Every structure is written in structure tokens, then in C-alpha cells.
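Participant: So TrEMBL lists these for the protein:
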COMPBIAS  85-98  compositional bias 'Gly residues'
DOMAIN    163-277  domain 'Phosphatidic acid phosphatase type 2/haloperoxidase'
REGION    29-108  region 'Disordered'
TRANSMEM  233-252  transmembrane segment
TRANSMEM  259-280  transmembrane segment
TRANSMEM  292-311  transmembrane segment
TRANSMEM  323-341  transmembrane segment
TRANSMEM  361-380  transmembrane segment
TRANSMEM  419-442  transmembrane segment
Amino acid sequence: MALLQRLARLAAELQDPQKVADFQRLCGVEGPPGLAASPPPAEESGEPGPLANGSCPAMNGGGEGDGWPRLRGAAGGEKRHPKGLGNGAVPGGAGGEGPPQQAWGRRQPRRNSLTGESACQEIAIRNPFLYYLFNLGTELGNELFYILFFPFCIWNLDAWIGRRLIIVWVWVMYLGQCTKDVIRWPRPASPPVVKLEVFYNSEYSMPSTHAMSGTAIPLALVLLSYGRWQYPLMYGLILVIGWCSLVCFSRIYMGMHSILDVIAGFLYAILIMVVFHPAVDLIDNFNLTYKYAPLIIISLHLALGVFSFTLDTWSTSRGDTAQILGCGAGVACGSHFNYMLGLMQDPSPDTLPLIPPSITVTLFGKAILRLLIGVVLLLLTRIVMKKITIPLACKMFSIPCDDIRQARQRMEVELPYRYITYGMVGFSLMFLVPCLFLFIGLS
């Protein structure tokens, strides 16, 4: 009993938002005057208090320039924040005066296009290097990174590794997103935390799925590639430690997760890897060789998506879950067609371990050309499918589509839109784009 009490106290300390705020200040992030102090109750001050899970009140009055939040460096130089700020009311309003020799910029709130959440805080960045480093770290768990990383692996490095990485990624992210909607812990409170990101603010906090993917992807990459490719194990260990640390610390720096969220995400990803990694080969072989694999894959992933939509009320995590499942299903179906048609064949076991080729101008140029052409085609596929699926789903289920944001908060629209759109993106990634490369001589 005493041990459980100590663990409960430790968990409470690690979940304390003040520790997140302390880490931010240590890294040179400062909010407006008075943000670190707890505000008076809303009924006494007349001002809105801290809001749960990233809700931001609409701000009256205009800002300056183009609507991007303004950042002030230590030397007074102005920077533009690329993501937007949010979560919580700023004590004293948006127009309060800063400390001596510190100017706080004004701006119009930047909204998340799907949730309507606004940027509500003005900040000072005193360490630009850490700011850009941790922004890079947080991007390692966002869609832009995935749409570059997975295609590069499959088209330019090793499709065998790429397929298995996506299997691991789908399971890790699916379980992480569903766990969030079961536990339902809010994001760290602001104040005292300074929010440097608003896009995922409507999601719950525990566990950090960025930390999960930032742990599982590099770890799976090393486990799958070491022995198949010739390289020193030390390089792989450095990759895992550096990648995982950068992503995990970035989520605390951005004010999106408590220390406990990040630790739990890291350990949860390790647990999933221990349980599921031995089955990755079996799953991939099933996807390739079983006659009815596409039918089973599509049905299973769709059923998992429907289940995830029943766990909680609407948030962006539900759409992300359907998006991940659709991508996984599309890649698996594309792999099946590749195998049946004899395209993108894996190297025979007697050629292993593979030796990394020497990097030449021709090799590098072809790799970049494949990536540019392929990613453009994937983005066009996403745009076209989005234009088709949302109106079609609205029409099929008699849902008004004049307000797309409201329509997409209905499961009947969001699930088929995300699942079909990203299923087609995954299928193009694994089958259609490689066929094009073969046709134009870029394979």
C-alpha cells in the first residue's frame, strides 16, 4: 500500500503542469506577465479562467499584419510563429503591458480550421536554436513528416522495411489514440503552461502519441534493418536515442504534454513493440500471399475505425485514427497487388546482408526525383479524393454539406472521408506510384 501511495504521489508530480512551465522557462520560453501565476476565479475577476483541453475564447479587436502570432527574441527582433498558440485565457487580457525592455506583439488569433480553436497567448522566445530544434522534433510526429519519410523508405531504401514500419506505426498509433479516448486526461493547464501549438489541442493528453511514434519508428527501423543491412550497431543506437529524445522533449517544450504523458507514451510504445514485433513478419506475409487478404484487411481496419469512433465525443483524434487505419489498409492492399504481379520484389535471402551502395550524383538525383514526383502525386490523390468523398458521404447520409467543418464532425462523413482518402493515398504509395516509376524508367 505504501508503495502504491508513493507511486501515486510520483505520478501526480510528473503530471503537474508547473513542471512543464518550468521546463519551458529553462529553454527560454516566456509567456505574458502574470501567466505563471494562477488567475483569480472567473466569477471574481470577470475574466475567463483556464480552459479545459485547449479551448480558447474568441478575442475581440484586431491584430497586426497577417494574423501570425508575433514572437520577440531577446534582442527585440520579431519572429513569426508557424503553428499558432492556444489553450487558456491570458490574465489581464491581450493588450497588457510587458516587463521593462520587453515588448509583447499583438496578433489576430490563428484558428485550427477543423476545431475553430484560436491562438490566445503572446510569448517571448529567448533561445531561437531550441525553438527551431523542438519544432523539428514535434514535426517528426506530424503528417508532413510521414508523407515524406515512408515514401522515401519504400521508393528509395527498402520496401521490405517500409511495409513493416507502416504495420508497426499503424498499431502503435491506433492503440495510442484509442487509449487517449479511454483515459480522457486533459492537456496541461494554461496558465501556467505556454501553448506553442494548438492544432492537436482538442485531443486528450495521456499517453503522448508523438512520444509513442517517436519511440516505435526508430526502434523498429533498427530492429528491422540491423542484420539485413551492413552498418555498425552504434549508429542505430544513436539514431534511436537521438530521435526519441528529440520528439519526447519537444512535446513538453511545446506545452502539449506533461512529463507523465511522455514517459507513459515511451513505455507504452516499448510494450507494444515487445508484444507485436514478433508478429510483424507473419502479418506482412499474410498481406502479401493470402488470396483474400485485401478483403480481410479492408474489413478489419474499417471495423477498428468504427470502434474508435464510439469511444468518445468528437475530437481530431478520431479523424486521425481513421486516417492511420486507411493508410495502413491501402499500403497492405498495394503490397498484395505488388506481390501478385511480381512488382517491387524483395531481395532473395542469399543476398543478405545488403551493402549500402556508394552515393553518386545519379543515385542521389534519382532518389530525389522519385520523392518529388511521388509526393506530388500523393498530395494530388489526397486533394481529389477529399473533393469526392466529403460531398458523396454528405449526400449518402443526408447531411448538409454547406458547413464542411460541422459535417466532418459526424462519423458518417469523417470516417469514410478519412478512410477512403488515405486508403487511396496508401494504395498509391505502394502500388500506383511504383508502377509509374517502372513505366518511366525511374524504378
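Backbone N, Cα and C define each Cβ position, glycine as well.
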Participant: Near the transmembrane segment (233-252), which residues from the same chain, at least 6 beyond its ends, have a CB less than 8 A from one of its CBs?
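Facilitator: For the transmembrane segment (233-252), the list is 20, 23-24, 133-138, 140-141, 208, 210-211, 213-215, 217-219, 221-222, 225-226, 258-259, 261-262, 265-266.
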Participant: At a C-beta cut-off of under 8 Å, are there same-chain residues at least 6 beyond the transmembrane segment (419-442) that contact it? List them, or none.
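Facilitator: Result: 150-151, 154-155, 159, 163, 166, 298, 301-302, 305, 322-335, 337-338, 343-344, 366, 369-370, 373-374, 377-378, 381-382, 385-386, 389.
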Participant: Give the mean pLDDT for the domain 'Phosphatidic acid phosphatase type 2/haloperoxidase' (163-277) on the 0 to 100 scale.
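Facilitator: That stretch averages a pLDDT of 89.
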Participant: How do the residues of the domain 'Phosphatidic acid phosphatase type 2/haloperoxidase' (163-277) split into helix, strand and coil according to DSSP?
Facilitator: 78 helix, 2 strand, 35 coil
